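Asker: This is the structure I have questions about; it appears just below.
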Amino acid sequence: MKFATCFLVSYVLVFLVLSVCKEVEAKELCNRIEDIDGNCDFEGEKGCLKFMTNKYKKERHVSCTCTNLYMLHKTKRFCDCKHRCSG
């Protein structure tokens, strides 16, 4: 009986800690948007992630999206990347 009680209490505590950590992690993402020459079809999200990682070395980017913007004489791509907020 003691073992079952300890098991249930530890299970509930682990569940609570994990659920709180998920909420904190979800709230700590910030966006950074940059415009780069070129087209998203060439490298897409991987190119945006590589550019952002090289430019902002202290930030760890989680994911990026790439959007093409067609102008008169050239195409630009907008990289919208999510990274963990500092502070």
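Glycine too: its Cβ is placed from the backbone N, Cα and C atoms.
The following feature annotations were taken from Swiss-Prot:
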DISULFID  CYS30-CYS85  disulfide bond
DISULFID  CYS40-CYS66  disulfide bond
DISULFID  CYS48-CYS79  disulfide bond
DISULFID  CYS64-CYS81  disulfide bond
SIGNAL    1-26  signal peptide
Asker: Identify which of the disulfide-bonded residues CYS30, CYS64, CYS85 has its Cβ surrounded by the largest number of other Cβ atoms within 10 Å, counting every protein chain shown.
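Answerer: When each Cβ's neighbours within 10 Å are tallied, CYS64 tops the list.
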Asker: If you measure from the CA of CYS81 (disulfide bond) out to 10 Å, which disulfide-bonded residues from the list CYS30, CYS40, CYS48, CYS66 are inside that radius?
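Answerer: Those close enough are CYS30, CYS48, CYS66.
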Asker: How far is it from CYS30 (disulfide bond) to CYS64 (disulfide bond), counting Cα to Cα, in Å?
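Answerer: Cα to Cα, CYS30 (disulfide bond) and CYS64 (disulfide bond) are separated by 12 Å.
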Asker: Sequence gap of 6 or more, C-beta under 8 Å: which same-chain residues meet both conditions with respect to CYS79 (disulfide bond)?
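Answerer: Result: ILE33, GLU34, ASP35, ILE36, GLY47, CYS48, PHE51, MET52, CYS64, THR65, CYS66.
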Asker: I'd like the Cβ neighbour count for CYS66 (disulfide bond), meaning other Cβ atoms within 10 Å of its Cβ, all protein chains included.
Answerer: 22
Asker: Given a separation of at least six residues and a C-beta threshold under 8 Å, show me what packs close to CYS40 (disulfide bond) in the same chain.
Answerer: GLY47, CYS66, THR67, ASN68, ARG77
